[in-house]
Each structure stands twice: as C-alpha cells, then as structure tokens.
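Q: Relevant sequence annotations retrieved from Swiss-Prot are reproduced here:
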LIPID     3  S-palmitoyl cysteine
BINDING   44-51, 183-189, 208-212, 277-280, 353  GTP binding site
BINDING   51, 189  Mg(2+) binding site
REGION    351-356  region 'G5 motif'
C-alpha cells in the first residue's frame, strides 16, 4: 500500500509543481503587460473637454464609431437640442434685466417644447418638434438671451447644433451622425470613462472621471500607478460660473483644482500634460469683444512673451487673443514654478478638443514625453 501511496503522492507533487510553474509564468506575463501599459489619467473641472479627448483617441487610434454607435448617439444629440432651447428660454426671465419673446405668437411653440411630452425619454422627435425649435430659436428675444449665455449654463455646442443646416440634417429620418456631431454631443459624465489603444506598438490606457465637484471624491481611486496626468482646462470659461453655484468663476475653479493636483502628496512624482483647451471658443469670445480684464484684473498688466513665433499661432489671431491664451497658460505655470521640486514637470499645450487634426498633432508631440515618463517610472531610463 505504501508503495502505491508514494506513487500517487509523487504524481500530486509533480502536478502541483507544474501548476505553480504555470502560475509563475502567467504572473510574469501579466507583470510584463502591466509594466508595458502607459496609463494616462484625465483630470479637470466639469465641461473642460475630457470626454471629448477620449472620443478623439477612439477616432484616431481605434476604428472610430460604428454605424450602430452613431445611430445610438442620435438620441443624445436630439436631447441636446431640446435641452438647449429649454435652457435658453427658461433663462430669459431670470436674467437681469429679463428678456421677453420677440414674437408673442411663439409662446405656443415654447409651451410645447416645455411640455412633459417632449421631455419623455422615449420621445421620437417628430417634424413638429423641429418646426417648433426653428420658430423659437429664431425669435429675436431668444437670440438676445442666447448671446448672454455666460450668465447661465449653456453647452458649448449650442451654436453648432442649432444652425439651420444641422437642423435640416438631423430631422432627416435616416441621418447618421458624423464625427463632429459625436464630438460635440454633451452627456454629463458620471463615474469613470476610458479607452485603450495602441500607437506604434505602444499600449495606452486613457481614463478619466467626471469633473463636477460631486465626482471628485472618486479621483483618489485613480491615482495609483499612473504614467502621467493630462489636465484639461477650458480657457474659454473665463467669463462663466460653475454649474454647482452662481458665483465661482469656472477658470479660477480650474486653477484651484490644478494647484491641488500639483501639490497632492500622492502625485509629487507624476508629471502633468496641460491641455489649455477650447482655444476656438476663446478666440470667438475675444473677437466678439469679451474682455478678460473684467474677470481677471491682472490681465491689464500682463505682457505676453516677446519671442512668439506667429507662424505657429492660429491664422487671424489678434494681439488680444494671443495675450489671453498666454496669460492663461502662464497662470498655470506660475503654480508649478511656485512649488517646483524637480520631481515632476508640467508640459502645456494649446488644444481644441473637437479638432481631430489638432489633437493628433498634440498627442503625437506628447508621446515621447509620455514614454520617457514611463521608462523613468520603472527605472528603465
């Protein structure tokens, strides 16, 4: 009996060793894959453009959006249109001074757009909906209120989706949203959003968390083992307040948030790639006469760099716009210079997240920096 028992025991031992070897091999394989993955954490205040950057990675480095995904987005896009009209028209009575409809006969269309029928989740947005939207949106009073959108909360893509050409496309029964439609579609981000992609055999994992104050408590869960942080700020928000209250300037909120991230004890060795985003909207606002000094008094005494290469600046850039974009850049860089210990660095870039070519160029220029950070992280450099 003992002989047979010993043979069985030997077989069990051999099998256990074999299993242990397989486990060790898998662990080494997993560790190698884990260390090869470049983790990019997207942070920033609400509505800065973080989820748009993730969409761009899907367009640039994956297969883009399938027809099925595009059709699914159509509901969100039409919901955006409804929300735009409701937001602007509800704000009319709350502005100081308030604004009235230019044509009282549009009141009937307005009541329809405010009705419970239109706000149902299963609403099918018939021709009647788009006719009412057109009548109300082109009302002179509504247009006046729309021009004062910095006084309330209106999504950046309002002008894009409310353009008559886009409205005509969207009401077509077989319309399939294009990349710009999807990039500009606004859905409030809650929880973690992510994408994985490969560029020149290098594996990236880009992920982020909603930027509203209530979402930020989840950020700490994401800090572990990140290669770099991409901090996104909406430079165009200099004359706006945050959704959570009616007095905190959005850009100052971003500055405070950036300072907290830069000085966070868990992130003192993690460098930050700073996306100074929404440069297109910033330019539109400056060209329309919006004054930065009304919100940031220090803008009056600011002097932009003397060595600007104008050939690398956006075509048609006014001196005021160039001054504004570098003013905001330098406000963030002052934070990094104030408490710089040489353990992490900040790399600023001007971005327009809805511009695929711009994001392609910026990300390409960041890749070498990201890979260097990754090698330093694992002491391979």
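Each Cβ is built from the backbone N, Cα and C atoms, and glycine gets one as well.
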Q: Measuring Cα to Cα, how many Å separate residue 44 (GTP binding site) from residue 51 (Mg(2+) binding site)?
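A: Rounded to a whole number, the Cα-Cα distance is 10 Å.
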Q: Could you measure between residue 353 (GTP binding site) and residue 51 (Mg(2+) binding site) for me? Cα positions, answer in whole angstrom.
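A: Their Cα atoms are separated by 9 Å.
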Q: Taking DSSP as the reference, which of helix, strand or coil describes residue 183 (GTP binding site)?
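A: DSSP assigns residue 183 (GTP binding site) to helix.
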Q: For residue 189 (Mg(2+) binding site), which of the listed binding-site residues (48, 183, 209, 277) have their CA atom within 10 A of its CA?
A: 209
Q: Using a 10 Å cut-off on CB atoms, tell me which of the binding-site residues 48, 51, 189, 277 is the least crowded.
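A: With the binding-site residues 48, 51, 189, 277, fewest surrounding Cβ atoms within 10 Å: 189.
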Q: I'd like the number of other C-beta atoms within 10 A of the C-beta of residue 353 (GTP binding site), please.
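A: Cβ-Cβ neighbours of residue 353 (GTP binding site) within 10 Å number 26.
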Q: For residue 51 (Mg(2+) binding site), which of these binding-site residues sit within 10 Å, Cα to Cα: 183, 187, 209, 277?
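A: Cα within 10 Å of residue 51 (Mg(2+) binding site): 183, 187, 209.
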Q: Pick the one among the binding-site residues 183, 187, 209 whose Cβ has the fewest other Cβ atoms within 10 Å in this structure.
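A: Comparing Cβ neighbours within 10 Å for the binding-site residues 183, 187, 209, 187 has the fewest.
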Q: Per DSSP, what is the residue tally for the region 'G5 motif' (351-356) in helix, strand and coil?
A: 1 helix, 0 strand, 5 coil
Q: Determine, from DSSP, whether residue 51 (Mg(2+) binding site) sits in helix, strand or coil.
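A: DSSP assigns residue 51 (Mg(2+) binding site) to helix.
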Q: Count the Cβ atoms, other than its own, that fall within 10 Å of the Cβ of residue 44 (GTP binding site), considering every protein chain shown.
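A: I count 25 other Cβ atoms within 10 Å of it.
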Q: If you average pLDDT over the region 'G5 motif' (351-356), what do you get?
A: 98
